[in-house]
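Since the structure comes first, as structure tokens, the remarks are kept for the end.
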Amino acid sequence: MIQAKNLSKAYNGTTVLKIDHLEIQKGESFGLVGNNGAGKTTFFSLLLDLIQPTTGEIINSGFRVDQSENWKTVTASFLDESFLIGYLTPEEYFYFIGDLRGQNKADVDALLKKHEEFFNGEILNSKKYIRDFSKGNQKKVGIIATLIGNPEVIILDEPFANLDPTTQFRLKKIIKELADNPEITVLVSSHDLLHTVEVSNRIVALQKGEIVKDIQTSAETLEELERFFAV
Amino acid sequence: MLEWKSFFRSASFRTNLALKILMVFGAIYFTLIFLFMGIGVFYLIKEELNLDPILVVNRYLIYYILLDLMIRLFLQKIPVMNIRPLLTLPIKKSTIVNFALGKTILSFFNFVHCFFFVPFSIVLVIEGYDIVSIILWHIALMALVYANNFFNILLNNKDYLFLIFIGAVLALGTLQYYGLFDITSYTSVFFQGLFDTKYLFLLPIVLLISLYLITYTYFKKNLHLDTGLSSKHSVAKTEQYTWLNQFGTIGTFLKNDIRLIKRNKRSKTTIFMSVLFLFYGLLFFSGGIESYNNPMMHMFAGIFVTGGFLFTFGQFVPSWDSAYYPLMMTQNIPYKGYLNSKWWLIVIATAVSTVIASFYLYFGLEIYLIIIVGAVYNIGVNSHLVLLGGAFTKTPVDLNSGKGAFGDKKAFNAKTMLISLPKLLLPMIIYALGYYLINPTMGLVLVALTGVLGFALRNKVFTMIEKVYKTEKYKTIDAYKQKG
């Protein structure tokens, strides 16, 4: 589904990411862990063609991301609040994304209904613009918006940060459900090893821009990762 | 100290030398205009109307003061938010409040009046009016201007007040025009009194001091995060504009653009500016200023009258969407639909301006024809040029701040400048050529034809802009990340 070849990104001569080869299979639930500055967000930004690779290329769904735009129809992502439109109400935002992804109002409404529990009654009909929401509630809006239009690739950067414990639990349920679907590839990055291990069936650890671990999740994975990061 | 740092470290301070020079020239230009107005008003009234200038000025001061308050309500931002971090530091509350209020005194909205009143007062002195009276009058007016400053702080962020004020001014103006009720006959007594008597000037000063005290106590009492310092959250209503669905992708974007303009302070000012531009032509067509009264300058004004929205909104496409540009770049966005939506907005605004500008018919059909031809040129040529220029503008727009609406200095760069030249110069030259070489009507026809020709090239230009968006993509995303 996604291939990175000879990928590297350098700023002013300092290499912040260097991945010689990485292949993510269709249907995989892929977890990216690492400390601050390890290159997680850089990798996702490259994957979404928001920054230009210094060398190498990324292929998503058969299209080189920096040469074609066709991958956009099957890919949905939420990296940070710059993926939200602050002056819209959540409903308007969802319908806007729906319009862009060829979904009518009824489709979007059905999806929102399904995730009513996740919103915890704080999002819909709240008479507030997204810019006036708390960080956690903004995140809820952004995450659910990525599910609109049945995307095949879903990319979430630090989805657990800023969420309250109950919502974290509910989010794990949502991601696991997506992971169970063989048509959907989920990419999640996180600082939190426990959360990542729970929702991913493959985990890659980055350190200073390089892949230092690439493991299929098993009972021992958490322990292995904890040992690695406990320096 | 903190404020100085925020001032010097703001991005706008680090613009390059050429821009600084340009900015200085701009500032000088506006200062000179106000200066000439201040000086000119006196002689204009005296010679044209044969009235005592001080009487006339005093008569209309009530409108001046009301308009000033209106403009402030709309544009002046109150710097209460950046004192939040000071709350937990060991600084006395009274110091914090005094500092915050004191900072508003230095606002441009207060200084700009000096440029008008000081030269006017100096002219009065030269013309032999009583110096003491002038000084007292001047002090009183400045006190009123500052009173407005504090009024604005107290009334801040209440949009409906703005509408009430507009309504009041319009109503008073209409009543006066038709001779039903003349508010100036009451207020001019007061303003004239400021000049004629030696004690009345104390009244505005007392007003100013009491307003300061009221604001001071208000803020001191409410100096908590959840009261005086909380940012206002307006009640949001979901607006679907379902009637726009029939326009497909354009409708999708148009919906958002309408919300963008309605719900953000910065974009609301573009509407305000277009109204101002609408009246800009009066300077040219009323024949008041000799050097403006020629065909070339008339065409210049004709472009401006209907082009206010075009210039102020168009130059920041796609910067209006800078806050969520990464979203736009990862969604499957048809650039054509996106551009088309902005283009239609510009066209609609230009058309509406043209209709409103029909009051220029008062100056004769020819003048209005110039405006209509200007509108055709705006729609046909300028709308494309401004969008093309915007593609090179990499200034993030802070939607929530009214500041920077008056020509953002960072919006200037060589490419945008080059593209802006034909916006005004070309129609002026074409018109002048037709006007002098053939006849005035031919001048108009030629400009209109250029407009129609530009319209025919629309798709070509859109493809070009699309290309620019694509090649400049990474640079633009990066630039928008650095918040203003």
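Residue numbering: from 1, along the chain as shown.
The backbone N, Cα and C atoms fix where each Cβ goes, and this holds for glycine too.
Database features, via TrEMBL:
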type	residues	note
TRANSMEM	B:21-45	transmembrane segment
TRANSMEM	B:57-75	transmembrane segment
TRANSMEM	B:96-125	transmembrane segment
TRANSMEM	B:131-148	transmembrane segment
TRANSMEM	B:160-179	transmembrane segment
TRANSMEM	B:199-219	transmembrane segment
TRANSMEM	B:269-287	transmembrane segment
TRANSMEM	B:299-320	transmembrane segment
TRANSMEM	B:341-361	transmembrane segment
TRANSMEM	B:367-392	transmembrane segment
TRANSMEM	B:412-431	transmembrane segment
TRANSMEM	B:437-457	transmembrane segment
Which listed range (B:57-75, B:96-125, B:160-179, B:269-287) shows the maximal number of Cβ pairs under 8 Å with respect to the transmembrane segment (B:131-148)?
B:96-125
Take the transmembrane segment (B:57-75) and find every residue of the same chain, 6 or more past its ends, with a Cβ under 8 Å from one of its Cβ atoms.
41, 45, 109, 113, 120, 141, 144-145, 148-149, 151-152, 155-156, 158, 161-162, 165-166, 168-169, 172-173, 183-184, 187-188, 191-192, 194-195, 268-269, 272, 402, 405
Okay, the transmembrane segment (B:299-320) and the transmembrane segment (B:269-287): do they have at least three CB pairs under 8 Å, pairs separated by 6 or more?
yes
Residues sitting near the transmembrane segment (B:199-219): Cβ under 8 Å, six or more positions beyond its termini, same chain?
80, 97-98, 100-101, 136-137, 139-141, 143-144, 146-147, 150-151, 153-154, 190, 193, 228
